[in-house]
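The structure appears below as structure tokens.
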Amino acid sequence: MNRLRFWRSLRLTVAIILSLFLAMGLGMHNPLWAPTSVLMVEAGTVGEAQMRWWQRIAGTVLGVLWGFFLIWHFVQRPEQLIVLCGLSAFVLAYASLTHFAWQDFWRWVLVGLLVMLCYGILNPMGSFSVMVDRIGCVFIGATTIYVLHILWPLEVGRSHQEQQQALLRSLQGWLDASPEALPGHFFGLLGQLRMLRFRLSRNYGDYHVLHDPQRKAIGSLYGVELLARHLYAWRVKCPQPQPAELEWVRALIAALSEGALLPAAPSALRSGSLLSLMQQDAQQLQAGHSCSKSMLRWQWQNRLFQAGTDSPLLSALVIGGVCAASLQIWHYTGWPGGNLVVLLATVSLLMSQYAEKVPTRLFMLPLFIGSLVLFPIFVFVLPQLGSDDALIIMLVAVYLPLAWLLHGSNRTLAVVGSLMSVMINSGSSNYIPSELYVQRFFVMCWACLGVGLLFPVAQHILLPDDTEQRLRNHFAVWQREWRHWMLQPYQTDMTRKAAQMERRTDIILALYGRLPKNKQANWQAKLAQLPLLMATCQQWSYSKRTESVTVHHQ
């Protein structure tokens, strides 16, 4: 694992340095935008990088063109420009928060707009040059990392089949686990499945952009989840199972993990029981028939994506207001680095409002660490290097550790590493010799201070993050949907209803994972009942369908 992490970090470092030298060689005035695009497009798989690649470029072009239009027509009327910018930020933020498949695209449109305004306002006559620089650098950076993903596909080192077999083998341990340990095993498996789906493709909302192998892989993961759910329910309801049933389940899982012929079902297997559902799951998983159910499940992804925020409309209003307010403050006070305050505060606030909110400290800590520790490297060390070889060595020494953090398993370190790298690239111009090194350093510190004043106020006062309350709300909705399912199972599209409830279960578990340890203990018993209730619904629906078919034939 560490070897793969090292090679992925090295690939990212190579892409950063290569894109930087390409941008400088082509005479771009802001070459650091190219490495920033590398960091934004860097992702787990070629498929995900491909989507981020074209969305990053297309969103940037649209946002920059809109920003150029605003500067061209309203630069002499700053009040109208500020209002239009705030309204644009509101609309784009709302679109990003409510459209899962297009969230990155609309975010890049907003970033392109803000970059164009923040740099074009300083020099309206040079706004066209800024537009060309932004589009060119984004294209260079995004294309560089995308091409490296294709030529150097490190993530293919372990096939999906091997990962699926490892998950199935882990189910063997559930057969000997105590009832108290089963919830932990089940929640851990769901977390692994969620990460595997993320690595296969980020675009679950639109299956038109997925290839057949990806589609089948996601469907097979769904089949593993169904089998795990029914196995969990069976072990909880039957803490002391019959030896014959236990051995049959063990042989069933072993045959699945090894790709062998499934064992014959016990003669006493009752139709509609959990064991029969497990047999059905195994047959569909081995035959590859879980794809259609998985596709129906993810049709609810976009519909429930905004459920992670307290209110998409409120969040978008606050983001638009912060954008307009920061522009107003910059216009009237001349705050040093005011353009960076507008850009970083608005974009950070938007990124913190997605389905799984990111704590404020994970956005603020990288700004201050990067400015106080790493930024002086670009001020005092890089300008003293006399050769290109020394410059490359220095860049590797700086970016390889950051890339290592970015590809770590710890979510906190990954966010810190990513944002720190973005801050360094967007705030430093010291690759090119200048006499303004120290002045730029203090301007960046002032910009970090401005973001540190605006962002926490908006995050904690205007958009309070009450994770437990949102978890409580989602859990109540889940219970209502479950009761509706049980009361009218034969009048509802069961597969579609299951997809809706499974997606809401994902959100509930994600919120549960963000609670403090002492609060998680209060919720564990409640959430441990979710797979049991889902299995009960499926048993009840199966019996109703069987009765309906029997009556029809009679």
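Heads up, the Cβ atoms here are built off N, Cα and C, so glycines get one too.
The model shown is predicted, which means the values in this text are computed figures rather than measured ones.
What TrEMBL says about this protein:
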type: TRANSMEM; residues: 12-33; note: transmembrane segment
type: TRANSMEM; residues: 53-74; note: transmembrane segment
type: TRANSMEM; residues: 81-99; note: transmembrane segment
type: TRANSMEM; residues: 105-122; note: transmembrane segment
type: TRANSMEM; residues: 134-154; note: transmembrane segment
type: TRANSMEM; residues: 337-355; note: transmembrane segment
type: TRANSMEM; residues: 362-384; note: transmembrane segment
type: TRANSMEM; residues: 390-406; note: transmembrane segment
type: TRANSMEM; residues: 413-432; note: transmembrane segment
type: TRANSMEM; residues: 438-463; note: transmembrane segment
Cβ-based contact of the transmembrane segment (105-122) with the transmembrane segment (337-355), 3 or more pairs under 8 Å: yes
Proximity of the transmembrane segment (81-99) to the transmembrane segment (337-355), 3+ C-beta pairs under 8 angstroms: yes
Beyond the flanks of the transmembrane segment (12-33) by at least 6 residues, Cβ under 8 Å: 39, 42, 115, 119, 129-130, 133-134, 136-138, 140-141, 144-145, 148, 392, 395-396, 399-400, 403, 406-407, 425-426, 428-429, 431-432
Close approaches to the transmembrane segment (134-154) from elsewhere in its chain (Cβ under 8 angstroms; 6 or more beyond its ends): 4, 7-8, 11-12, 14-15, 18-19, 22-23, 26, 28, 30-38, 40-43, 45-46, 49-50, 52-53, 56-57, 60-61, 64, 112, 115-116
Cβ contacts under 8 Å made by the transmembrane segment (53-74) with residues that lie 6+ beyond its boundaries: 37, 40-41, 80-81, 84-85, 88, 102, 104-117, 120-121, 124, 127-128, 131, 134-135, 138-139, 142-143, 145-146
